[in-house]
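Participant: So TrEMBL lists the following for this protein:
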- 41-60: transmembrane segment (TRANSMEM)
- 80-109: transmembrane segment (TRANSMEM)
- 121-142: transmembrane segment (TRANSMEM)
- 148-172: transmembrane segment (TRANSMEM)
- 184-199: transmembrane segment (TRANSMEM)
- 205-226: transmembrane segment (TRANSMEM)
- 238-259: transmembrane segment (TRANSMEM)
- 279-296: transmembrane segment (TRANSMEM)
- 303-323: transmembrane segment (TRANSMEM)
- 349-367: transmembrane segment (TRANSMEM)
- 379-401: transmembrane segment (TRANSMEM)
- 442-463: transmembrane segment (TRANSMEM)
- 479-780: domain 'Phosphatidylglycerol lysyltransferase C-terminal' (DOMAIN)
Amino acid sequence: MTAVQHGLDELGAEREQGAAVMPLSLRGLVSGLFKCAPATMCYLAVVWVAGLLAGSIAHGPSPWLSGRVGAGLPSLGHGYWWTPLSAGLWASGLDSYLTITVLGLLILAPAEHRMGITRTFTTLLVSQTAGLLLAAGLIKLAERAHEAWPGTLAGETAVGVLPGMLGVGFALSCTLTPLWRGRLRLLLSAAIAISVMYIGHLEQLGLACGAAVGLVVMALTYDRAWPWAVPRGPKHEVRVLVGVLVAVPALGGIMAALAASAHGPMTLSSLLFTAQGGVPVQAGPALLLLLCAYGLHRGRRLAWWLAVVINLIVLAASVWVVYAVESGPTARMARPDIWTRTILPAREATVLSLVTLAVLLVTCRRFDQTSDGEAVRKLTATLAAALGVCLGAFLLLGYLLRGHLGAHPEVGGRAPDLPVRFFGSMLFSNRFLPAGLAVRLLYVWVFLSFWMVVLGALTAFFVHTRTNRDANAAARAREILSRGGSTLSYMSTWPGNAYWFSTDGRAAIAYRAIAGVAMTIGEPFGEPAAIDSAIAEFAGFCAERALQPCLYSVTARTRTATQRLGWRSVQIAEDALLPLGNLQFAGKKWQTIRAAMNKAAREGITAEWWAYQEMPAELRGQIQQISRKWMADKGLPEMNFMLGGLNELDDPNVRCLVAVDADRKLHAITSWLPVYEAGRPVGWTIDLMRRNTEGTVRGVMEFLITTAALTFQEEGARFVSLSGAPLAGLDRGEGCEQPRALQRALEVIGDAIEPAYGFQSLRQFKDKFQPVYEPLYLTYPDPAALGPIAIAIGSVYLPHPISRQGLRTLARLRRDRPQAKERSPVSS
C-alpha cells in the first residue's frame, strides 16, 4: 500500500489496513506504486514518454502539434474531434508535467485503489472530454454575446489532463467519510475558483467544467455524492468557509503575480494585494490577508477586525479609482483601454470587498476568541517597536543617501511616502525611489523587515491559545478529582496545566495547548457516570477554540467511549498494575524480590514514610543533591508531564518512602500519588524514583516498592500502579489500529529520550513484580492532526527541540545511548 493510499484509508476508509510498509528507497517506492496503482503509473509514464518524444517537456508542444492535439475552438473548428482526449497526453510545460505527476499520485493512485481501475479511468475520460467540450461551448456562447473575458479565450487551445484529474478528485470525495469528503471538495473548489478567476486560460475553465462533470458522474453511482456534512459543528464550518473566502483574493493575487500570462477576470484587481514588479515588500498585504484567513479559521476576533479593515481599504481605494477616472476626461482620451484596465478591475474589487464585508458582518459572532492581556501587550510592543525602527531607518537613510535619491532628496519629502511604502502594493507609488541598485535594496529591506516582523508577530498571536488558569481552577479540579480518576489523574494537579470543567461540574479534564492541540493529562476525572458525556463536551469546547482534542494515556474504557464518537486511537504505553488483595511475596517467582528485602535488612537499611514538607532538612538536602546529579547526567530538565520532579513532592497528599541506613545516608526515594474513588484513596501510583549512585546497595529500589506495596495492602488499598512506561511497548496491544506516521514519530521521540529516561529499562525492571499490564492509549478525532499531535508530544518530552540547547541535548543523548541503562533511576 502506498503512503498516499494508506493516508486515505486513515482518513475514512472502511477497508482493512495492513499492507506492508513501503521501503524508503526510491526504487522501493516506485516498485510499490506500480504494484498498488499500475494503471496510474503506466498512464504517467505514457505522458512523460509522449512529452520526451515531442520535445514538449520544457515549453509544451510546438504550435503545429498543439493545433492538432490541443483542445479548443480552433482545433474543433478544423474537425479535430479527438483533441479533448489527445490533450491529456501532453502538458504545457515542465511545471504542468510536474503538477500532473503530483496530482496523479495524490488523486489517481488513491482513486484507483478505492474506486477500481475501470471506474477511475472511465471517470477520467468522461470528465476530461466533457469538461473541455463544455468549456469550449461556454466560450462560444460568450463570444457570440460579446463578453469580454470569455471571448478572449476563443483562439486558445489547451493541453493537459488536469480537468479529468479534478473530476476524479470530486468522484474520489464520494468514497470518503463526511469529514474528508467536505475537506477535499472545499480544497478543490477553492483551487478551481482561484485558477479560473485569476489565471483565466482555457485550461483553467476546463478545470471547473471537468470537476463538475466528475461530481455529476459519481452522483449517479454513489449515494454519498451530494451531502456536505458538518462534523464539528456549524461554528467551525462557518469559520472555515469565511477563512477560505478571505484567502481566495490573496492566493489569487500571488498566483496572478507569478503567472507569466494571467488574464482572468480578477487578475487586474489582484494588483491591489500583490503588484507585478518583483519587489518583495509588495506581497505584504496579500500575506497579511492570508494570515487573517488563518486567524479566522481559529475564530480569532483580531483576525476578523483586520479582515474588515483591509477590505474597507480596498473598497475605498477602488471607489476612488473609479471616481477619479470617470471624472477625468483627459484620462479616457489618453488611454482608450482604460475601461478594461482600470474601471472594470476596480468595480470587480469593489463587488468582492462588499461581498466579503457583508459575510464578515453577518458571521461576526462566530469569531469570539480573544487572547489574554499578556499576549496583547506583547503584540502591541512588537508592532510598535517594528514601526518605530523602520520609520527611523527610512528617515535616516533618506538623509544619509540624499545625494543618490530621485525627485525629493530632502528629509521632509520622505514623510508623505511613508504610508505608501508601508502598505506596499495597495498604495505603491514610484514618486520616490533611490537611483542606485544598492540604495534601492536598502530601501526595500527596511519595509520588508517591517512586514516580516508584523507577519511573525501576528502568527504567534493567532497560534497562542488562551487557557483557563485562574486561581480557583486548581482547587476546583482537586475537589472533582477526589470523586474518581485513573492511576494518572493526580498528575493533573501539577503546575502548567489548564482545566476544563463540564457544565454540570461532575467531571474535569486537565490539558495543555501545544501546536494547536489540546493534549490531556490522562483521561477525564470525576464521577464515573459523567466521563462519557464529558468527552463529547470537551470536543465541542476544543472546536470552539480551533484546538484538536487529544486524550493522552487513557484506559481502554475511555478509548471505547471515544470510539463511539468515531475517534481513532493508538497504544502508547502500558500501565503496570499490582493487585494487593492476596499479594504475598512467597514462592520461587518472588525470589529476586525477597533477596532484595533480605539484603537491605543485612545492610541495616530501613524504609521511612515522610511528607516532603515535614522531612528533616538533612534528608531533603540529600534528595535535592541526588536529583541535581541525576538531571545533570541525563542532560534534560525535569519533564513535569506524566513524570514528576522535586516540585511535585511538595504536596501534602503525596507520600514519600525513603531508604536510609544507620548513618542517615539516603540510598533511594520513591513518591506515591493517590488514586481516588468516592473521596478516599483506593490505590497508589509510583511517580518519582531516585537512587543514590554512590555506595548504594543493590536492589534498594525493589526494597522500597515491596515495602510500599505491603504498607498499602495493610491500609486497605486495592492496587498499586507502577505507572506506565511512556512510548515503550508501542507495538503491543491487539485490536487497535496503529497509524504508521504517528507510530514512527512516537518511536523517534522514544528513541531520542530513551538514554535520558530509560523507559525501556524501566519496563524491564517492572517485570520483576509480575504486574498486570493494562494498555494506555492516545485517542484523537481527526487523522489530519497527527502531525501537530506528534509535535505536541515531542514538545512535552523534549522541550525546545529545535533550539541550540535542544540540538546539543539531542546530540548528547545520541552519543550517550550505550550508557542509557546506567542512568536509569532503577538500575541496580
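Glycine residues also receive a Cβ, built from the backbone N, Cα and C atoms like all the rest.
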Participant: Give me the stretch from 148-172, 349-367, 442-463 with the greatest number of Cβ pairs under 8 Å to the transmembrane segment (379-401).
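Facilitator: It is 442-463, which has the most Cβ pairs under 8 Å.
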Participant: Which stretch, 80-109, 148-172, 238-259, 442-463, tops the Cβ pairs under 8 Å count with the transmembrane segment (184-199)?
Facilitator: 238-259
Participant: Could you tell me what the rest of the chain brings near the transmembrane segment (303-323), counting residues at least six beyond its ends with Cβ under 8 Å?
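Facilitator: Sequence-distant neighbours of the transmembrane segment (303-323): 246, 269, 272, 285, 288-289, 291-296, 342-343, 346-347, 349-350, 353-354, 356-357, 360-361, 364, 367, 426-427, 458, 462.
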Participant: Can you tell me the mean pLDDT for the domain 'Phosphatidylglycerol lysyltransferase C-terminal' (479-780)?
Facilitator: 86
